[in-house]
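According to TrEMBL:
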{"type": "DOMAIN", "residues": "B:1-204", "note": "domain 'Tr-type G'"}
{"type": "BINDING", "residues": "B:10, B:11, B:12, B:13, B:14, B:15, B:16, B:17, B:89, B:90, B:91, B:92, B:93", "note": "GTP binding site"}
{"type": "BINDING", "residues": "B:446, B:447, B:448, B:449, B:450, B:451, B:452, B:453", "note": "ATP binding site"}
{"type": "ACT_SITE", "residues": "B:520", "note": "active site, phosphoserine intermediate"}
């Protein structure tokens, strides 16, 4: 038996967030027939997985992990994914849209909009239908983007995975309505009330493994439209005369490597990352090229079934 | 560092968006790219005369509004070195009650905005009533636009005194008033020069320091069980979030509603066993005895057990477009338990503007009413004013599965304790036995003119001919007697069906085979009828005759009247018929003769064993 940690009378901010997330996980598991945790390997997924393991301890979480793969993630991400699946003892399902493979979809020739739609939006819908999952757990937070600020913890999806704002259910207290009819499903966001700062503070406090790309290191990058893109493998076509430079960079958010902007940084430790973030004056998703595709971009993707 | 969740009440006209925008901005919570967008847009979209319009920071969802997307409750996050804040903002005017109630349900306190030029208005009282209804005790009264009344001390003091007088009447015990201007920023994050007479703190300082006990370790220990964790045969734990009190290994506990007792063996967490757990924590408890504990039960300190009851008075906020119908069965979720529930009576509706009590037979969307409820089984509970988690519930529509209402338990009616059921010497089995049968209800449902009554009559004739004891309850006949006081609104229809079901239930106690012929268009109502009966005694008989056929027949001329508009709320025409999905008996009224249909139904009852005594 482990040593007994002491319990204060009043919970701290992080303890309150954690307790709320565990409560959400347990409600979801009790009321949904076939849930799945959507694991996308970033820092939010890392925290999400950690919370899931805590919620059902000493049993393993009663659902599998699923990664909707685009084949264009950073190599470091694939390595961590496989390691965490082993460590958690959970089943890992990897889904890759066969149409994406057949058409060789990539962000360079097809653009970020098509790339995201085929691999992620269509891929996710396929995978959920294929396995018959009625609830998909994600690490999205309300502070990430304007249209997420009103997202429910249990977000209702009509048949065909469509997000209909008019059918979202009021959520009072900690009472969640997880009922769905055949063909309908839920997206469940246990970390709705977390902020980017909370995520890093929690990773530090709980010593949660994250992808090394969040820490600054010398990496080969090229600059495109003012954004630093890392050349993670030799599939990246270089423009005539373009030569990758090695800069001390890190990533604030991680997605597909050709679509993730790096920032120059000297932050090589968690403390340094947290200090840098507190001093930072730009939005976290600014480095995500897909959000800026078009006006109301995230809202539109959501109605189409994007996470 | 701790956390404060609050809700802002007021409209854009009160300067709410400007105030929140200013708070976020001055607290350093707004990223540079968003500030740049605000500065850029202030000139073209802003309402600050070309100056920086801070409202643009929170009205970032405007484009969505233009796209016709509803914004109901938006949550925002910011922090200072002293506290983390979660702000629930309800920007729209539409569905305001529903949204404010939702936002307030998780808040620790409310900021109520009052425009210094206008003073305490009807909407101020409405917002404050909703805040108090949801159990908040602390209000920060932000008197805004003080720059437009030249920071007049007397104006501020008059508004504060008006507000305090009202707040006291609705149980808001703590009111902290701050004079502010969102445009100049005075007294929002730091104290300005404009009101030297003001001796209090800035709005942000108040939010940082106000004491709001959201977890009460002093109260008795209570934890609703969310799930039973069984990784192997050696461990059986009960997972839940502690709603109040503290617990240690060895403490005696009682399970509600069963009343069993045990002791805490372990407080198991991923980080190791705890020697103590407190309100707010999510833990897994192992007990020292093998007791029967299921999801939805509540584990309490043995000396602080919860009451259990199945009849309540509660305040209900209705949230669905379709009105609340007394008598209809809904699902009620409280803690981790879901049970069936009926509203037996609407005591009164509350006018949220005047707080007057109004008589009401239904509750429309955004209406608030004090109601009596009857549940399908006992639940453990505490009155809402004592504990939000143990006394707050939601109502779920069984058909749409949507959340249609929220409720707060006021007290148990104790009818289940006061009205002892009379023990009867001769029981229902004996009554049926002497008739050589078992009780049954065949519930004929279908469109008007589908042939329900005709077939029911034929069934009764066949059963009587073979010596069975039957009774036929016909919808039309019911309307002349037992239900003569009812009309054809949805609420009255539900009540009519309830009366028919209760009558049928009494008849089954008498041992009879009961034939009920009622259009009963709504699944939820037929389900309610089914639940009134003993298991295995209810047979849903769907007389399935297509609308085109019954309308062409139109025996009573009612379809013609309904089509012409002379008759409204007519099933199949301007009121829906929800066909049974899994009827026990399914007769195609247009393809089956009355005789065949009757024989089929009698044989169904025979096969189900109802036509013989055991």
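Note: Cβ is positioned from N, Cα and C throughout, glycine not excepted.
Looking only at the recorded positions B:448, B:453, B:520, the densest Cβ neighbourhood within 10 Å occurs at B:520. Here is what falls inside 10 Å of the CA of residue B:447 (ATP binding site) among the recorded positions B:10, B:14, B:16, B:89, B:520: B:520. Distance noted between the C-alpha atoms of residue B:16 (GTP binding site) and the residue listed as 'active site, phosphoserine intermediate' is 49 Å. Residue B:453 (ATP binding site) has B:520 as its nearest neighbour among the recorded positions B:10, B:14, B:89, B:520, going by CA to CA distance. Taken as a whole, the domain 'Tr-type G' (B:1-204) shows an average pLDDT of 85 in this prediction. Look at residue B:452 (ATP binding site): DSSP puts it in a helix. Across the structure, residue B:451 (ATP binding site) and the residue listed as 'active site, phosphoserine intermediate' are spaced 14 Å apart at their Cα atoms. Residue B:10 (GTP binding site) has a Cβ environment of 23 other Cβ atoms inside 10 Å. Summary: among the binding-site residues (B:16, B:452), the fewest other C-beta atoms within 10 A of the C-beta are counted at B:16.
Take the Cα of residue B:520 (active site, phosphoserine intermediate) and measure to each of the binding-site residues B:14, B:446, B:449, B:452: the nearest one is B:446. Residue B:89 (GTP binding site) counts 22 other C-beta atoms within 10 Å of its own C-beta, drawing on all protein chains shown.
Most buried of the binding-site residues B:446, B:449, B:451, judged by other Cβ atoms within 10 Å, is B:446. Residue B:10 (GTP binding site) is 50 Å away from residue B:448 (ATP binding site) when you measure Cα to Cα. All chains included, 26 other C-beta atoms sit within 10 angstroms of the C-beta of residue B:14 (GTP binding site).
Counting every protein chain shown, the Cβ of residue B:447 (ATP binding site) has 25 other Cβ atoms within 10 Å.
For the recorded ATP site, residues B:446, B:447, B:448, B:449, B:450, B:451, B:452, B:453 set the reference point as the centre of their Cβ atoms, and the other residues of that chain within 8 Å of it by Cβ are B:444, B:519, B:543, B:545, B:550, B:589.
Proximity note: of the listed binding-site residues (B:446, B:449, B:450, B:452), none has a CA within 10 Å of the CA of residue B:10 (GTP binding site).
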